[in-house]
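I have placed the structure first, in the form of structure tokens, so that the comments after it can refer back to it.
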Amino acid sequence: MASPVSVYNSNALDAHIASTPRESLKMELLADVSLLPGEERIIDKDIIYMCHFNGAVKGKVLITNYRLYFKSSDADVTVMLDVPLGAISRVEKMGGASSRGENSYGLDITCKDMRNLKFALKQEGHSRRDIFDLLFRHAFPLSHGLPLFAYVTQEKYAENGWNIYKPVEEFRRQGLPNNKWRITFINKSYDLCDTYPTVLAVPFKSKEEDLRRVAAFRSKGRIPVLSWIHRENQAVIVRCSQPLVGMSGKRNRDDERYLDLIREANDTTKLTIYDARPSVNAVANKATGGGYEGDEYQNAELIFLDIQNIHVMRESLKKLKDIVYPNVEESHWLSSLESTHWLEHVKLVLSGAIQVADKVSSGNSVVVHCSDGWDRTAQLTSLAMLMLDSHYRTLRGFQGLIEKEWISFGHKFASRIGHGDKNHADQDRSPIFVQFIDCVWQMTKQFPTAFEFNEHLLLTILDHLYSCRFGTFLYNCESARDQHEVRSKTVSLWSLVNSKMDIYLNPFYTPESGRVLYPVASMRHLELWVTYYIRWNPRIRQQQSPVEQRYKELLALRDEYLKKLEQLQLSDSSTSSRLANSPTPNTSSNTSPSQQYTHLHTPF
Amino acid sequence: MEFSEHIKTANVEDVVLRQPLHPPSRGTLCITGHHLLFSDREEGSSRQVLLLLRNIDAIEKSVENLLGYSGFFSNAGLSERMSGSSGTITIKCKDLRVLQLDIPGMEQCLNIAHSIETLSCLDCVSEMYPFFYRPADLSLQDQWGLSTPEKHYSQMKELCERWRLSSVNRDYSVCPSYPSAVIVPNSIDDSTLKKVAKFRQGGRFPVLCYYHKKNGMVIMRSSQPLMGANRKRCKEDELLLQAVIDGSDKGYIIDTRSSQQAQQARMTGGGFESKSCYSHWKRLHRQMDRGKALQESLIKLVEACGDESNNMDRWLSKLENSKWLSHVQTALSTAGLLAECVERDGHSVLVHGSEGTDSSLLISTLAQLIMDPCCRTLDGFLALLEREWLQAGHPFQQRCARSAYSHARLQQESPVFLLLLDCVWQLWRQFPLALGFSEALLIRLATEVYASDYGTFLCNSDQERCAMGIKDKTHCLFQALLRPGERDFYSNPLYEPTELAIWPSVHPQSLQLWRGFFLRWTQQARHLEEAQEEIRNMLIEWGKLALS
């Protein structure tokens with residue numbers, strides 16, 4: 001060969017990774033898989049993994065009730081796959097018994113986490129029938145009357161992650177109840193709203209019967225309730241679903257009065273209602289009985305935030321996948337990326353949240369809703385709270401935020417993700433939560449010292465969003481979780497995380513309780529989250545491990561520093577002022593929200 | 001001094017300055033021979049803005065006659081002339097800052113604009129500010145520069161067996177753009193070198209620029225051979241190259257032009273090393289845009305970055321259309337190829353394009369960063385720049401006379417050095433631990449190369465710098481950057497040396513816009529700078545306590 005084999009040489013093939021045939025794998029090769037307690041082998045088989053990057057790789061596949069594991073048998077090519085079955089959205093047969101061509105007969109697996117897997121099998125003797133059937137059954141247990149793995153696993157952790165979020169404690173942390181807001185248990189048996197949690201915070205002056213009348217006028221009974229209150233100016237973030245205005249333009253005096261009570265609670269002249277939808281969609285919703293708050297709501301202003309619906313987001317991410325997997329678009333990468341509109345959607349969500357946060361921090365209460373108030377609304381309220389309240393930027397605080405705004409308020413995880421369900425084309429599926437985590441990642445990039453957790457936590461959350469190993473993201477709402485005894489029968493993801501916290505910590509975290517973070521939601525400052533969306537491509541992957549190792553050492557150094565500082569403090573109390581400014585690890589869940597808010601100039 | 005004849009109005013009161021990241025302020029504007037000075041008169045704050053006129057790339061002026069001029073401070077006491085005419089000067093700097101001055105009085109405004117226009121592009125080197133800059137803490141007797149070719153040679157013991165230091169160019173007569181001493185194969189004597197120089201454009205005969213200790217292979221660089229239409233040969237040139245790969249089966253030539261461009265170069269007297277005459281050399285062509293194409297790319301990029309009209313409006317397409325990132329990609333991947341030839345394939349390489357003063361330096365510098373851990377420290381990197389750019393004769397004065405905003409007709413301008421800094425930043429981003437210097441250093445260099453208090457980037461070659469007495473009459477930027485306080489600021493607090501090569505990923509997905517430079521005058525860049533600073537202080541603090 002004339003020129004050196006090169007990754008910088010566009011003509012060169014990856015010849016150096018091509019595998020040579022070897023004797024078939026012995027079972028011992030699979031011995032290094034450490035199975036989870038309760039995980040059981042279903043089948044293993046010699047197979048060829050049709051790797052998009054390394055070509056055909058011979059090896060052995062092991063399927064358990066939790067995962068699909070593959071290991072190459074060639075000594076010179078180490079290819080390993082470890083895919084939770086929950087991440088699989090579709091399994092199809094590829095080629096037929098009579099298909100010609102090498103490796104054209106096998107399985108084609110589509111995953112929810114931005115990758116596809118292809119396996120080839122020997123054509124003789126229906127060799128794929130058993131593996132296909134078993135994989136299909138266990139990848140989609142709910143479609144086959146089987147339990148999700150979260151109900152099978154026997155994992156034990158030192159900490160019980162289900163205790164991370166207790167609504168009453170969280171309200172108390174925020175300073176509630178007070179003389180303007182009360183806590184109600186009206187929904188304790190889910191009869192006011194079956195997709196809401198049992199504990200709600202509502203205006204002090206509203207009576208239980210008011211709430212019931214308001215519920216009748218809000219889609220799915222999702223009445224306006226408090227999510228967050230600003231300690232100093234008492235401005236609140238209230239969330240709900242759309243009002244049932246309909247074609248005839250119905251009014252509901254109770255709803256109008258109720259919103260006015262929210263405004264009154266901190267004595268401002270105007271309540272701002274953020275409707276997350278584009279205005280045309282809000283108008284169109286009237287046809288199906290929904291709508292938006294009109295002029296009859298005095299003392300209120302309505303602002304549309306132009307965020308598209310779940311279908312648009314799903315298609316956008318699908319387009320993104322098309323340009324990054326298996327092959328990354330090379331020649332017109334930026335304009336292709338632009339045409340997926342993914343970053344534009346991220347931008348709109350972020351800038352919507354910035355508007356909410358800015359309004360609240362300047363002392364005005366806001367109401368946020370979309371149609372049902374469980375997708376875009378959750379994105380906006382949780383991101384705004386992340387900007388406003390530094391507690392949510394701690395490792396535990398962030399877990400609480402997800403538990404509160406997403407899980408307890410009924411983001412339909414089961415429908416959006418399709419846990420254990422074979423219906424891969426279900427129109428209810430949508431990457432709304434992924435998009436939220438993407439927005440959080442954008443914020444961590446823009447404020448590298450403001451978050452106690454690191455990127456690894458975000459990746460872990462997204463991996464277990466699909467894995468079905470933990471109960472955290474199962475089901476659509478609290479009532480369904482109660483019914484299926486999630487808390488008693490499954491393990492929480494936060495048990496895993498909080499039992500091994502140090503790998504999720506950002507060594508550079510500096511708590512600043514008073515700081516409101518306003519990320520810049522301009523396209524110029526947003527980046528594609530390459531380490532998530534393109535992480536399966538070995539050629540794009542950048543050196544992570546030395547950096548992680550270094551960060552680990554830095555965390556140890558920081559702890560050492562804090563220890564020494566503490567000793568110094570004991571011997572010399574005059575240095576105590578310095579401790580206040582120094583980073584403290586794992587700030588406990590009881591830190592109060594900010595005392596001083598700086599009013600920054602909001603750029604959007 | 002003659003500067004005064006260009007300054008009709010030296011001082012103006014009641015000027016309003018608008019600049020990024022600050023609220024507008026009112027104060028006094030003052031023009032000197034080299035600076036624009038603005039002093040804030042607001043109570044409680046005394047801010048000064050001192051701007052090198054050399055930093056100004058373009059100005060736009062608009063004057064109007066206004067009855068009842070209403071400035072930003074409409075309730076402030078207005079002086080008489082403000083009710084008459086006024087003007088606005090928009091100043092666009094080479095460091096990409098955009099300032100605006102509202103100046104009362106049309107005539108004064110025009111005078112100021114005229115002064116700026118004239119003084120910002122004076123061509124005479126000896127009148128430039130570095131010749132007048134005399135800070136108290138620096139002495140002209142201090143060492144100038146970091147190293148010399150002689151020192152560099154003597155530090156590499158491994159070299160002397162097969163390589164020698166030649167002073168054939170001691171009076172710059174063999175090659176005006178080379179330093180006085182260069183490293184060449186032992187077996188090639190000075191008279192041969194002189195003949196080779198005649199066969200290479202601008203006399204830039206092949207010289208050693210990097211010796212790879214792991215396997216003894218080298219990177220050579222030169223300009224194109226002057227083969228011409230009738231396929232001239234030069235025995236001495238062939239001999240020299242043969243001596244380079246003595247004992248090895250072959251070498252590679254990376255030509256930074258497409259093979260078509262190389263063919264066409266013959267028509268104007270240039271050419272390439274043909275297979276028949278250089279049978280042990282394998283040519284690889286990689287087309288790298290240079291000159292005007294690069295400058296236009298920068299202009300488009302800066303225009304897109306500054307376009308505030310509607311930030312939804314096809315930003316990514318604009319970024320792509322500027323082609324800047326694809327220049328970054330080409331440079332990094334060609335450098336990667338070069339490093340692969342040396343490190344993985346184990347062969348020596350000669351790099352050239354046509355003149356050998358731009359793309360060749362770009363990729364040889366990047367390849368050294370990829371392969372050689374010594375180049376990745378703060379000192380090592382600055383020494384590398386000194387060797388590969390200053391001593392090797394990159395014509396800084398021609399390339400960096402103007403930047404992205406200038407309306408002047410382009411001549412020799414081309415942001416090759418800025419492209420280098422961007423590529424180094426990409427490496428820095430992909431290998432956050434491997435480089436010993438900080439992003440702040442790269443931003444500082446990107447600023448200094450266009451306008452500076454120091455003499456380092458003046459002139460086009462060693463010869464010119466000698467003739468101008470740069471080393472005796474100006475201060476050295478590199479020395480200044482290595483002073484204790486500055487050194488901390490320009491070091492990477494996360495640095496952890498590695499002996500391994502750092503192979504950059506060159507997929508478009510792995511390359512990012514260098515926001516720290518191109519969007520540096522935005523709030524967000526400021527936030528990130530502050531966060532970096534915070535992290536640096538944290539690490540220093542922890543380190544101190546851990547040691548105590």
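Backbone N, Cα and C define each Cβ position, glycine as well.
Record features, source TrEMBL:
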DOMAIN    A:161-533  domain 'Myotubularin phosphatase'
BINDING   A:N309, A:I310, A:C370, A:S371, A:D372, A:G373, A:W374, A:D375, A:R376  substrate binding site
DOMAIN    A:340-386  domain 'Tyrosine specific protein phosphatases'
ACT_SITE  A:C370  active site, phosphocysteine intermediate
REGION    A:573-604  region 'Disordered'
COMPBIAS  A:581-594  compositional bias 'Low complexity'
COMPBIAS  A:595-604  compositional bias 'Polar residues'
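Distribution of TrEMBL features across the structure.
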residue : record                 : DSSP (3 states)
A:N309  : substrate binding site : coil
A:C370  : substrate binding site : coil
A:R376  : substrate binding site : helix
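All protein chains included, A:N309 (substrate binding site) registers 17 other Cβ atoms within 10 Å of its own Cβ. Across the annotated binding residues for substrate (A:N309, A:I310, A:C370, A:S371, A:D372, A:G373, A:W374, A:D375, A:R376), the two most widely spaced Cα atoms sit 12 Å apart.
All protein chains shown were included, and the count of other CB atoms within 10 Å of the CB of A:C370 (substrate binding site) stands at 29. Residue counts for the domain 'Tyrosine specific protein phosphatases' (A:340-386) under DSSP (helix as H, G, I; strand as E, B; rest coil) come to 32 helix, 4 strand, 11 coil. Per-site Cβ counts within 10 Å over the binding-site residues A:D372, A:W374, A:R376 peak at A:R376. Taken together, the residues of the domain 'Tyrosine specific protein phosphatases' (A:340-386) have an average pLDDT of 97.
Each residue in A:A276, A:T377, A:I432 lies on the same chain as A:N309, A:I310, A:C370, A:S371, A:D372, A:G373, A:W374, A:D375, A:R376 and has a C-beta within 8 Å of the C-beta centroid of that substrate site, without being one of the site residues.
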